[in-house]
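Here is the structure we will look at, set down as structure tokens.
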Amino acid sequence: MSERHAALTSLPPILPRLIRRFAVVIVLLWLGFTAFVNLAVPQLEVVGKAHSVSMSPSDAASIQAIKRVGQVFGEFDSDNAVTIVLEGDQPLGGDAHRFYSDLMRKLSADTRHVAHIQDFWGDPLTAAGSQSADDRAAYVVVYLVGNNETEAYDSVHAVRHMVDTTPPPHGVKAYVTGPAALNADQAEAGDKSIAKVTAITSMVIAAMLLVIYRSVITAVLVLIMVGIDLGAIRGFIALLADHNIFSLSTFATNLLVLMAIAASTDYAIFMLGRYHESRYAGEDRETAFYTMFHGTAHVILGSGLTIAGAMYCLSFARLPYFETLGAPIAIGMLVAVLAALTLGPAVLTVGSFFKLFDPKRRMNTRRWRRVGTAIVRWPGPVLAATCLVASIGLLALPSYRTTYDLRKFMPASMPSNVGDAAAGRRFSRARLNPEVLLIETDHDMRNPVDMLVLDKVAKNIYHSPGIEQVKAITRPLGTTIKHTSIPFIISMQGVNSSEQMEFMKDRIDDILVQVAAMNTSIETMHRMYALMGEVIDNTVDMDHLTHDMSDITATLRDHLADFEDFFRPIRSYFYWEKHCFDVPLCWSIRSIFDMFDSVDQLSEKLEYLVKDMDILITLLPQMRAQMPPMISAMTTMRDMMLIWHGTLGAFYKQQERNNKDPGAMGRVFDAAQIDDSFYLPQSAFENPDFKRGLKMFLSPDGKAARFVIALEGDPATPEGISRVEPIKREAREAIKGTPLQGAAIYLGGTAATFKDIREGARYDLLIAGVAAISLILIIMMIITRSVVAAVVIVGTVVLSMGASFGLSVLVWQDILGIELYWMVLAMSVILLLAVGSDYNLLLISRLKEEIGAGLNTGIIRAMAGTGGVVTAAGMVFAVTMSLFVFSDLRIIGQIGTTIGLGLLFDTLVVRSFMTPSIAALLGRWFWWPLRVRPRPASQMLRPFAPRRLVRALLLPSGQHPSATGAHE
């Protein structure tokens, strides 16, 4: 046992002594803490859904542009939208339209989740623009309420519920897809995969631990420690997120879980490896415990601080994709470090009491001693070989291509992917994911002058490379409005004359119809004149008869009056009798007396009739006398109309010969669809259809105009992103020198958003990368107390990072044929910076302990002592991260495999060969500014003063120590 170990045994530091003394209490405290944080709040996935943050960069120009469009048009104030796609087995007919109308009514009524519906298919004016060429599919864009992911997810689920509960007609299916639906499904896929990946990881780690330790009990105890760590980390992060300390995302929860598992397992392997090494060296369990703590605590602390610090540097990022990873994973790693420095030693103490952690087999260090010997013997060739291996990955980097299409990285069975596949069968990707250009000025643009400028903007953009279609007020269906060219307007003047000529010819023919009708009227009036004479004669006879009837009725009335006067007493009896109605004879006689009263009324009416008949026989002759002048006037009108018909007929025949095919020029320009001579007259602004178009493409105050631009190909690609700046440039050039000069130009949409994300990712990667590298360098210098060693660690980490990402490009892109998602680069770089220095740190820390034996011997001993442990830990960490490949979210799988490849490269190449070969080449300069001995000091001189002084005392009198050539 070395003197250092002896001193350690005699007076161990206070922290490990306290941990060993209160080991059971510490274990119980951790169990209680884990139980509390998991019972106090819901599970991490549930809290993540309730406190998720929007993944869209809210301060990006493209997102601001979309929100500005919604504000000026009074439609929406968020950037979340879904696309509802209708697909039929046959062309969509009336049933599909009725289903669509019912669905639109439901969506419009749900103002809690739906902000605005861009209903193009419901308007015949724009229906063709949102319908497939075969009429079997149509789509509508629905803007949702919610600027963060939680509200957006609720809105997506609400829309899906309405679509699912509205029965479509036979042969028609409705799908919900679009950016918001994709993001919601991404979160769902990520959350559902956590449990599956965790279970697979646990089984794989258990198998690896069995292979490493050949002990079921040791493997189970390590898994229990990791499980407690994971439960504490998950619960604590969920507790903080539930109290709004920070927000979460799908990537944060997934990476947090596997990082916690991997780091906790690594730290347990570090401790057990050093404990077993000490036990192999003959130390008792207590001494081995203190040796283990002394040799690994600072490494675990440095590793944890490195990971936590590097991950927290992501908090400086602007993109929520990265910013949401910073605080949760950093805090989780700090909890993992705290658990590793307290719970791990406590469990080791309790387990060692029952001899559970004693090694089952002796460590085989011969292989690693040979590796170390080869390195110190041939450091240059070894370093060259490692650089050659690293170049494999580095050479693959230039071929790196990325993609921004989220659909490819989620299961095809997800609802949004099913809907997107249905839409892709009928529509192009660019048509479903257009760019939106907004031009906002300080005056009303609803006039012919500004319409010319707006059409120029649309024309310039449309004629630029990579543009498939531009929809605007002057081209609502993607092409210029028909009949709006100046040649067509000129041509239509002749067409109008020709059309009017045909109309007038028809009206001339109508004159003949009128003449025929007038002839009929004249003949009818002649017959009426003759019949009127007969009517007058008959009326005179009726008048005489009426006078006679009046006289007879008066005589009848007088005789009946005499009869009634004589029988009045008897009549009174019939009216007084109460039961007269029940006696038929009584009631009939009473009715006869009532009839006598009606004779008086009849006589009176006949007298009135006599007077009217006298008036009638006076008026009828006067009416008959008016008919001959009317017949004469109508005959004259008929003759004049015949003359007018002849005159106009001759005139329009001459005009018809002069205007033959006047619309030829207009038809040619319409067929050619040349938009160089666009003009919209003022009268068009009164057209009802054009007014509907104004509402869609111009703001209510007319001061902002919207353009919907479809790119050629997929906008979520580097090629699509490259079209963004040309669109802005063409718009600025189009308004230069016009009344719209100086107008504000906004551009949003899929390509514009990913352009901002790409630029933001570069900035975030630069900021977070520089901050992480600086932080790691500082931590390494503090722990190693060597500037050169710290620089070597950081340098090899950076080299390993580049090589590992190149290997990931080689595997995913070149071998599997799947391009890496855009965020894989930034996330894997930061994570590799965070975890890549662990094994180098452990190696160099052990090398620092063994340096007293000499530089080369120390390298050999350090390689022998740490080779197996570091390789096991690195393999476990790499496999754990690589198991992300089983996630339903392929993005997570790409990130995990990239980190796994990096850790394998770092473990098997950098730590095993590159770093020790650099240390051997640099010699004592590797430890600068520390002063170290290239060779070990003499055993005889070690307990005494410096070599120069001792030799001065031992040499014969008069001999100077320098004569021996010895130097300290």
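Backbone N, Cα and C atoms are what each Cβ position is placed from, and that goes for glycine too.
Quick look at what Swiss-Prot annotates:
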TRANSMEM  22-42  transmembrane segment
TRANSMEM  204-224  transmembrane segment
TRANSMEM  245-265  transmembrane segment
TRANSMEM  297-317  transmembrane segment
TRANSMEM  328-348  transmembrane segment
TRANSMEM  378-398  transmembrane segment
TRANSMEM  763-783  transmembrane segment
TRANSMEM  787-807  transmembrane segment
TRANSMEM  815-835  transmembrane segment
TRANSMEM  866-886  transmembrane segment
TRANSMEM  890-910  transmembrane segment
Quiz item: Apart from its near flanks, which chain residues at least 6 from the ends of the transmembrane segment (245-265) lie with a Cβ under 8 angstroms of it?
Solution: 44-45, 47-48, 51-53, 55, 148-149, 186-187, 190-191, 193-194, 197-198, 201-202, 205, 209, 222, 225-226, 229-230, 233-234, 237, 303-304, 307, 320-321, 324-325, 327-329, 332-333, 336, 339-340, 823, 827, 831, 835, 873, 876-877, 880-881, 883-884, 887, 889, 891-892, 895-896
Quiz item: Any residues 6+ beyond the ends of the transmembrane segment (22-42) with a Cβ under 8 Å from its own?
Solution: 50, 228, 231-232, 234-236, 238-239, 242, 339, 342-343, 345-347, 349-350
Quiz prompt | Cβ-Cβ under 8 Å with the transmembrane segment (890-910): same-chain residues at least 6 beyond its ends | solution = 190, 193, 251, 254-255, 258, 386, 389-390, 393, 406, 408-410, 796-797, 799-801, 803-805, 807-808, 811-812, 818, 820-821, 823-824, 827-828, 831-832, 835-836, 839-840, 870-871, 873-875, 877-884
Self-check item: Proximity of the transmembrane segment (763-783) to the transmembrane segment (815-835), 3+ C-beta pairs under 8 angstroms
Solution: yes
Quiz item: Counting Cβ pairs under 8 Å that are 6 or more apart in sequence, does the total for the transmembrane segment (866-886) and the transmembrane segment (297-317) reach three or more?
Solution: no
Quiz item: What else in the chain is close to the transmembrane segment (297-317), if you only count residues 6 or more beyond its ends and a Cβ gap under 8 Å?
Solution: 15-16, 259, 263, 266-267, 270-271, 323, 325-327, 329-331, 333-334, 336-337, 340-341, 760, 764, 767-769, 771-772, 775-776, 779-780, 782-783, 830-831, 833-835, 837-838, 841-842, 845
